[in-house]
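Colleague: Among the features that TrEMBL reports, domain 'ABC transmembrane type-1' is placed at B:77-282. As annotated by TrEMBL, transmembrane segment applies to B:20-41, B:79-102, B:109-133, B:162-181, B:218-239, B:264-283.
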Amino acid sequence: MTSAAIRRPIDWTGIIFAVVLTLVIVLPLVVVGTWAFTNVWRFPSVIPQEFGLRFWNQTLARADVWSSITMSLTLAMTVTLLSALICLPAAYAFARLDFPGRNILFFSFLAGHAFPKFGLLVAIAGIFLQLNLIGTFWGVVLIQLVGTLLFMIWIPVAAFQSVDRRMEEAARDVGASPMRVFWSITLPQAGPTIAAAVLLSFVGTFYETEGAWLIGAPQVRTLPVLMISFINNQPVIQYGAVLSVLLWVPSFIALLFARRVVNSGSFARGFGG
Amino acid sequence: MTTIDASHPVLAAPERRRPIGLLLVAIPVLLVIWLIIWPIISAVIQTVWIKTPDGGGAVSLETYRFFFSDSYSLSNLSITLWTTGVCAVLLLVVCLPIALYLRFSDSRVAAYVQGLAIFPMFVPSIILSFAFIRVLGPNGTVDLVLNAVGLPKIRSPYLTPWGPVIGLVWDNIPLTVLILLSGLGNVSNQAIEAARDVGAGRFALLWHIILPRISNSILVAISFAVLGIFSAFTLPYVLGPAAPEMMGPFMQRTFRELFEPQTAITQAVITFGFCILFGLFYVRSVARNQAP
């Protein structure tokens, strides 16, 4: 940081960045939000002729919207639960136990990141084709599960590593059982970070479009997949706008709770920065 | 909250040597082998090992020969290379100034700018596509505003090669800024002040002091962007032209609509080939940051 001046000049560079980024990043989303609460908006009026909630009723009355909301939530919950179930014990093992091949296995989770993602998905789809998993719920679960592995192992490993070991030893010295130590000392300290990892993997799965489209379509239709068909084939703009607002809810929750994780320098370092 | 943090050696000082650890990590490791490593090996084998009519097999590069002699495949490949290149350059041009500003400013505006630069990470690309069409598409907001002040409509980038470019750049801003910013953290204030003391101007400072120190981060940011953009699917599929199409939509259509998995897998292996250097470099950088 530059040394603080006593009389701070006006930060023109910052103001220019702020204005341009607001126009480019916030404005498009404001337009979508406006469309969602618009009953009538005909060219060439700059603002809508009539605001209202009419299209919320119509969108929420559609069966395909509800079935894809249910599908998306079921998928994301199944994948997150399975991922936590298999990854958290593994993360604990990587953080605390020594076993043959530990380092190489730990870095093996990077394998998927050396390849362009959609190409990899096509290669996986080739395997799924032989196993008759194309177009099935569990096929989509598997492909999305693989996408969560790196996150759900590396972040919890860091969390378990940062637990204060002296407290664990002290508890053990006064006679606490290993389970008791884990439950009362380790988990409360590592918990918040692990919860952030779980939340991020839920949100990531909820928005995962490419695997769901390639493996699941047309039988498994998630909310983002429905949104693609709304963009391509739906003449009523408001349906897409209302769906966008609905679709944004999980991301908004992630924004509230996971922002600190994302803003910390260590997050960028996890991406190789 | 802490996350993956290089200051904690990730794999340091284990408590005791216990093979039971292998059991605990078995399922995720087997998943990686079954669903990442095996598909890649199998894709390569499948595309070079062709079954002959007499029931045997032979090594043949026929599927690749077809790809590289088919003009439609080649134009899809070249539009993909063009999009990836243009996006990489644009991302640097946009994100480097933002990252430099964020590194050297401590004003209150900087916090707002940082929040905005990170924000696209919390906007799923499918919502971005919809917003893009409403703003830059035919009769979108830009047209409305231009019309209101009496100017002609724009030639919309929607359904042209520039559509995916704009969308992909928007989508990749947050991580590029974060990676560059993390690299700029390694540029010490002393180095900057020392250079200033001997009279270095802004550009000399950038060229001789800052850029050499963050060249690795720039390469990481570009590798990450290239890996994501080269086989991007959603944004090119929704915003791009129907033909030529980028490799992502092309592979999807070949696999699901034309039902030619063999051809689609060949295309996938070709995307691996074009990205392999970026992929290896990227993975090496991430691994080095996490190493004990």
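Note: Cβ is positioned from N, Cα and C throughout, glycine not excepted.
For the listed features, I'd like the structural context: burial, neighbours, distances.
Modeller: Sequence-remote contacts of a segment are chain residues at least 6 beyond its ends whose Cβ falls under 8 Å from one of its Cβ atoms, and for the transmembrane segment (B:20-41) they are 272.
Same-chain residues lying 6 or more positions outside the transmembrane segment (B:79-102) and placing a CB less than 8 Å from one of its CB atoms are 110, 113-114, 117, 161, 164-165, 168-169, 172-173, 176-177, 180-181, 184, 206, 210, 218, 221-222, 225-226, 229-230, 236, 244-247, 271, 274.
Beyond its flanks by at least six residues, the transmembrane segment (B:162-181) meets 83, 86-87, 90-92, 94-96, 98-99, 102-103, 117-121, 125, 128-129, 132, 136, 214, 217-218, 220-221, 224-225, 228-229, 232, 235-236, 239-241, 246 of its own chain at Cβ-Cβ distances under 8 Å.
Tertiary neighbourhood of the transmembrane segment (B:264-283): same-chain residues 40, 43-44, 46-47, 63-64, 66-67, 73, 77, 80-81, 219-220, 222-224, 226-227, 230-231, 247, 250-252, 254-255, selected by CB-CB distance under 8 Å and a gap of 6+ residues from either end.
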